[in-house]
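Chemist: Straight out of TrEMBL:
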- 1-10: compositional bias 'Basic and acidic residues' (COMPBIAS)
- 1-77: region 'Disordered' (REGION)
- 156-317: domain 'Uracil-DNA glycosylase-like' (DOMAIN)
- Asp171: active site, proton acceptor (ACT_SITE)
Amino acid sequence: AGEMAPEKRGIQSFFAPVAKKPKATEAVEPPPAPVSNAVGASPAKSPGKNASKRPAETAAPGDGLTEAQRQRAELNKQVAMSKQLQRKATEVWEAARNAGETPDLDALLVEQTWRDILEGEFKKEYMSSLKSFLKREWNSGAKVFPAPGNIFRAFNTCPMERVKVVILGQDPYHDDGQAMGLSFSVPRGWKVPSSLQNIFKELGTDLGCSKPTHGDLDKWATQGVLMLNASLTVRAHQANSHSKKGWETFTDAAVRALAKNRSGLVFLLWGKNAQEKERLIDKSKGHKVLKSPHPSGLSAHRGFYGCKHFSQANAFIESKGGAPIDWQ
């Protein structure tokens, strides 16, 4: 809200190369608040003994920045890029609708690494059927979640080469205002669903994280957590209404391509539906697969609580030389 209306452009213009980095003489955006506020935490408690290690505050040779400053600057860069791509996806939709058209579904996937790897999927017969189904839904006036610009948010906010952890969900939230294109995540200002509350509870016992004040997980995405639902759209107040329309084939292809083209990733498979996706994961690529019951109120006490998936994920990432996820 409050943004200026975008200049009308052709859809193809939205896929121009990302702007070059600013010259060294240009002002540098100040580092953001510490990453520990990534999920909107309350004032931080003392970190638990298993909390993510903070980068050393010692200057590295060359640029004069400490490792912590460098990581904050990189995160800030990814946050800015994520917002830019999200705006682009929304503008693509609005430009087409203002012209009395419905854009092709693939026009809403604007992150280039995912576009390249999934380009072939958009040419398959199942995708033609899915596109036709969604156009009928939109043109009939049916309320569909998430907003079109957020359908591919999981991909647009987490480029393939930056993925470290994959969290698989099933269906977008189907109540008003909840779905935002990331599995388990809800926008700021909305009540945190019970499954996400249970995830936060496990984070507290596992890593000593304080309870967040909202359920927006965007900062996880910008650190390399791909939060992907099996189905990427749903009709309002009708759970699973868009399942078996083609989305599962598409998201299966995405998981399969990711597991094949990357190595050393962590896959968090919570619940039976997510665990069925283990068949898509190339075991020869050194991935770590962690499984537990779903964090819903019906099953969290059967083994999700105490699973310690977040500390295990970070330990594995660090063993591969990567920076751990700040889950706070």
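Going from the start of the chain as shown, residues are counted 1 onward.
The backbone N, Cα and C atoms fix where each Cβ goes, glycine too.
Note that the coordinates shown come from a computational prediction; the quantities given were computed from them, not determined experimentally.
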Chemist: Near Asp171 (active site, proton acceptor), how many other Cβ atoms are within 10 Å of its Cβ?
Modeler: 21
Chemist: Which secondary structure state does DSSP assign to Asp171 (active site, proton acceptor), in the simple three-class scheme?
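Modeler: It is coil.
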